[in-house]
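S.K.: Have a look at this one.
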């Protein structure tokens with residue numbers, strides 16, 4: 001055994017060793033039992049995400065007056081987090097009423113305190129999201145909605161790297177090439193740059209835009225990966241209870257930001273409803289729904305799938321921007337979108353999947369070995385051997401009988 005991998009004595013392929021540390025036992029059991037309901041949930045998540053994410057930059061653009069925001073972006077973020085906290089509480093109450101007899105009560109003090117301790121890591125993505133939500137408004141000052149959506153797709157590559165090192169996720173060569181194609185598609189759309197003579201804060205706007213772009217890509221990427229890790233590491237905890245902690249932390253961080261602004265600008269900035277309109281109210285509702293949907297992505301699906309679904313929203317955003325604000329759908333935009341779709345097809349193609357699919361089955365077998373008697377373990381070992389026999393390439397002369405003659 002080397003580097004947590006065991007080598008098959010027949011075909012010399014690598015298999016996951018029972019000593020490999022995984023995210024959580026509950027999540028491993030979930031991965032080994034992907035059903036048609038799970039696939040249907042993924043489809044619904046993608047469709048909902050495309051609509052909400054695609055609409056978000058359009059609502060931000062509609063909220064601007066003479067190219068500026070009449071309200072504090074931090075107030076929008078605070079109201080968004082508060083809305084999500086209320087939603088999490090309502091769903092917890094509904095879930096508690098439908099609990100079965102004998103299940104641990106969701107609303108007890110002991111359950112809440114224990115869950116708060118186990119999910120303290122959610123404070124990290126909450127802080128990063130608070131920073132990122134403010135950056136969303138800043139980015140709108142330098143790019144149109146379609147461009148912002150394309151720039152956000154750069155997060156996919158950063159997320160893939162973070163997943164590889166933080167969550168030990170493996171990607172095939174074809175999948176890395178698909179991510180490279182995604183970046184190429186984004187670059188094609190970005191060939192049309194901003195005017196060089198436009199300035200802001202006495203610096204070329206392109207320089208500031210590129211600085212914000214780097215932060216805009218890195219911060220939410222880290223937030224997404226830490227969020228997925230935190231949610232899946234406590235997979236047995238109710239997602240609504242986890243969301244209550246995540247959104248609660250987010251509301252606290254944004255409220256602290258409001259207090260900090262009040263110190264510099266005066267008590268008048270404490271009016272969190274100042275400058276808001278119907279467009280901003282719709283923006284708050286959309287952001288709240290988008291955040292809630294994202295939590296389901298991170299816990300029950302995958303961060304990469306979340307970002308690719310957001311990429312599809314680029315089409316909706318571009319078309320909506322053209323219809324509502326007169327933005328032109330350039331040839332660069334259309335070509336870039338075409339390359340992005342090719343990248344999506346290549347990344348999720350069965351031919352591009354890494355051999356982890358063959359290894360996932362060993363996780364459940366490991367779980368069974370630990371919870372059964374030696375007699376039951378022998379049966380599991382026979383099942384595992386049969387599974388490996390079907391998945392490994394074994395020559396006719398290499399086959400051995402299962403039982404001695």
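Backbone N, Cα and C define each Cβ position, glycine as well.
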S.K.: Can you check which of 155-177, 178-200, 201-223 TrEMBL lists as transmembrane segment?
M.R.: 201-223
S.K.: Given a Cβ distance threshold of under 8 angstroms, which distant residues of the chain, six or more beyond its ends, lie next to the transmembrane segment (244-264)?
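M.R.: For the transmembrane segment (244-264), the far contacts come to 72, 74-75, 77-78, 81-82, 84-85, 88-89, 92, 115-116, 119, 122-123, 125-127, 129-130, 133-134, 227, 270, 272, 291, 295.
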S.K.: Near the transmembrane segment (74-94), which residues from the same chain, at least 6 beyond its ends, have a CB less than 8 A from one of its CBs?
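M.R.: Beyond its ends, the transmembrane segment (74-94) has Cβ neighbours at 106-107, 130, 133-134, 137, 238, 240-241, 243-244, 247-248, 250-251, 254-255, 257-258, 261, 272-274, 276, 280, 283-285, 287-288, 291-292.
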